[in-house]
Amino acid sequence: MKDRYILAFETSCDETSVAVLKNDDELLSNVIASQIESHKRFGGVVPEVASRHHVEVITACIEEALAEAGITEEDVTAVAVTYGPGLVGALLVGLSAAKAFAWAHGLPLIPVNHMAGHLMAAQSVEPLEFPLLALLVSGGHTELVYVSEAGDYKIVGETRDDAVGEAYDKVGRVMGLTYPAGREIDELAHQGQDIYDFPRAMIKEDNLEFSFSGLKSAFINLHHNAEQKGESLSTEDLCASFQAAVLDILMAKTKKALEKYPVKTLVVAGGVAANKGLRERLAAEVTDVKVIIPPLRLCGDNAGMIAYASVSEWNKENFAGWNLNAKPSLAFDTME
């Protein structure tokens with residue numbers, strides 16, 4: 001049988017990425033052009049800046065991805081692209097490039113949900129067994145997803161306010177840490193003690209919903225009040241206390257979901273899945289199901305994960321027309 005090569009595009013936020021997947025599971029290339037340095041001075045992603053950067057580098061990313069994969073444009077079988085959720089301007093750059101490539105070469109266009117990409121990045125570790133449960137944690141999302149089969153995603157719980165990664169970045173900014181702050185907070189947390197009593201919202205409620213706005217506000221108030229009084233707080237202890245509260249919330253809801261949905265596999269994915277503290281808690285506390293976490297290189301935004309997620313869409317012949325548009329608020333269905 002002739003080999004299949006999927007060329008995948010990811011431009012939902014501040015990473016321009018193009019990847020090539022051979023058949024179902026051989027990632028030949030995964031080129032990522034990061035914009036973090038451009039956004040650091042703003043303390044967050046500036047949509048207009050992100051879009052301009054995507055335009056500047058996407059052609060070079062395509063060329064590099066094909067070269068690294070050792071194939072030519074004529075070898076590509078299909079084109080996959082993130083069409084949401086994300087920043088509308090950023091999404092449109094990737095969509096335009098993907099549609100142009102597919103149209104020029106007469107190839108099918110595969111639409112991929114960005115969060116499905118994060119989830120299916122776990123396929124790079126080992127073949128996934130369904131049904132499974134996934135905890136998706138990133139800068140824009142915190143949700144528990146039940147996956148009955150590849151491509152069938154249902155939200156069973158999600159945040160009511162801030163995403164967990166967003167909370168990390170906001171408290172990081174208060175402490176004067178560099179954006180994005182997640183990795184630095186994680187490192188500092190391992191050097192400090194959990195001595196500050198931060199709230200764990202909804203942790204005892206019998207649902208699968210998350211809330212991080214109260215925790216974020218409590219942190220900011222503590223830090224602000226200490227500054228007003230001229231008191232010095234240990235950054236390491238602040239980080240340790242904040243992270244302990246975050247992980248308590250994530251673990252409580254995840255374990256509750258595993259009780260409600262008896263599955264054999266838990267996938268933990270998204271940018272926050274790179275968090276060392278979270279990985280340690282999962283290893284220690286979730287021992288009765290298989291826990292699969294994508295490798296660090298596939299935790300952040302990348303086109304490799306979009307390629308993995310596109311396989312199930314290819315198998316279902318779920319192809320898009322040339323009128324495919326960006327859907328910045330695209331979401332999985334909610335479990336009824």
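The backbone N, Cα and C atoms fix where each Cβ goes, and this holds for glycine too.
The following features are taken from Swiss-Prot:
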BINDING   H114, H118, D301  Fe cation binding site
BINDING   L136, V137, S138, G139, G140, D169, G182, D186, N275  substrate binding site
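The structure, with features from Swiss-Prot marked on it.
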residue: H114; record: Fe cation binding site; DSSP class: helix
residue: L136; record: substrate binding site; DSSP class: strand
residue: G182; record: substrate binding site; DSSP class: helix
residue: N275; record: substrate binding site; DSSP class: coil
residue: D301; record: Fe cation binding site; DSSP class: coil
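Binding of substrate is attributed in the record to L136, V137, S138, G139, G140, D169, G182, D186, N275, and the widest Cα separation among these residues amounts to 18 Å. Close to G182 (substrate binding site) in the fold, though at least 6 residues off in sequence, lie G165, Y168, D169, G172, G271, V272, A274, N275, each with a CB less than 8 Å from its CB. For G140 (substrate binding site), other Cβ atoms within 10 Å of its Cβ number 19. Taking Cβ-Cβ distances under 8 Å and a sequence separation of 6 or more, the neighbours of L136 (substrate binding site) in its chain are M115, H118, L119, T142, E143, L144, V145, A269, G270. Note: the CA-CA distance between H114 (Fe cation binding site) and G140 (substrate binding site) rounds to 11 Å.
Annotated Fe cation site H114, H118, D301; additional same-chain residues within 8 Å of its Cβ mean position, judged by their own Cβ, are E10, S12, T82, M115, G117, S138, G270, N302, M305, I306. The two recorded residues G140 (substrate binding site) and D301 (Fe cation binding site) have their Cα atoms spaced 12 Å from each other. Comparing the binding-site residues H114, H118 on other C-beta atoms within 10 angstroms of each C-beta gives the minimum for H114. Between the binding-site residues S138, N275, the minimum number of other C-beta atoms within 10 Å of a residue's C-beta occurs at S138. Taking the Cβ of D301 (Fe cation binding site) as reference, residues of its chain lying under 8 Å away and at least six apart in sequence are, in sequence order, E10, S12, C13, D14, E15, S17, I32, H114, G271.
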